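Q: This is the structure I want to talk about, given as structure tokens.
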Amino acid sequence: MALLQKTRIINSMLQAAAGKPVNFKEMAETLRDVIDSNIFVVSRRGKLLGYSINQQIENDRMKKMLEDRQFPEEYTKNLFNVPETSSNLDINSEYTAFPVENRDLFQAGLTTIVPIIGGGERLGTLILSRLQDQFNDDDLILAEYGATVVGMEILREKAEEIEEEARSKAVVQMAISSLSYSELEAIEHIFEELDGNEGLLVASKIADRVGITRSVIVNALRKLESAGVIESRSLGMKGTYIKVLNNKFLIELENLKSH
């Protein structure tokens, strides 16, 4: 398959990913097919975001690493010493993707390290390995292009997380601002009583202790529930089961208390 055709396959992977959750496993599989090597997409902290195996490496430590989806801390840290593509590293390199305890089995094993960079920062590393054949210039062009595509997707995922975070916070702030003073007071007491993200409470007991009517508590809970911040379920005589759905809610409530 010609270089141009392989580049188009990577392009189509990028186009297919538009607007969908990032799937690093599919990306790794595509790169495996066009570069014909084992592919590992590793985050800054060594988390294995995606991988695809072209040539099996029989080793218990490697198997566990793939199951845990985590590269060793020391190895991950060392990857930051590789600022640009470093190709065809042998089994004796500290960056080898082969298990050094089986050095004799993988004497011809070659590793290529490609930094994943986006927005001017190091986002992770693309690691490629082969049992023997050298990585040529075409392979390196595809690997670097693949790393660029992966970097774009990591940035997109980050942007979506930031957006979701901002949306969650805005929903909570709107829900809290819709509460009257007595309703807000009731909510503060309810979540002091719960002491966590979910639990059971008896509204009448809180109402009596704080000196507010039960209807104030019910109204406050309804407002938060309609905003999607909590869910509540009546368990009859036992009380009301409450669960926080928006993880920004308790933080915002705590912030209000400290002001």
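Cβ coordinates come from backbone N, Cα and C, glycine included.
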Q: Write down the residue from SER177, SER204, SER215 that Swiss-Prot flags as phosphoserine.
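A: The candidate carrying the phosphoserine note in Swiss-Prot is SER215.
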Q: For the record in Swiss-Prot, which of the ranges 3-22, 203-222 is the DNA-binding region one?
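A: Of 3-22, 203-222, Swiss-Prot gives DNA-binding region for 203-222.
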Q: Hey, Swiss-Prot has L-valine bound by PHE98, VAL100. Any idea which of ARG61, ARG69, ARG122 it lists too?
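A: Swiss-Prot names ARG61 for this L-valine site.
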Q: Counting each residue once, how many in the DNA-binding region (203-222) are helix, strand and coil under DSSP?
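A: Going through the DNA-binding region (203-222) residue by residue, I get 17 helix, 0 strand, 3 coil.
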Q: Rank the binding-site residues TYR51, PHE98 by the number of other Cβ atoms within 10 Å of each Cβ, and give the residue at the low end.
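A: Taking TYR51, PHE98 as the binding-site residues, the minimal 10 Å Cβ count falls on TYR51.
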Q: Counting every protein chain present, what is the number of Cβ atoms, excluding its own, within 10 Å of the Cβ of ARG61 (L-valine binding site)?
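A: ARG61 (L-valine binding site) is surrounded by 13 other Cβ atoms within 10 Å.
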Q: I want the residues beyond ARG61, THR96, PHE98, VAL100 whose C-beta is within 8 angstroms of the mean position of the L-isoleucine site's C-beta atoms, in chain order.
A: ASN59, MET62, ILE91, ALA97, PRO99, GLU101, ASN102, ARG103, PHE106
Q: Need one number for the L-isoleucine-binding residues ARG61, THR96, PHE98, VAL100: the maximum pairwise CA distance in Å, whole number please.
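A: Answer in Å: the longest Cα-Cα distance is 14.
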Q: DSSP three-state call for TYR51 (GTP binding site): helix, strand or coil?
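A: The three-state answer is strand.
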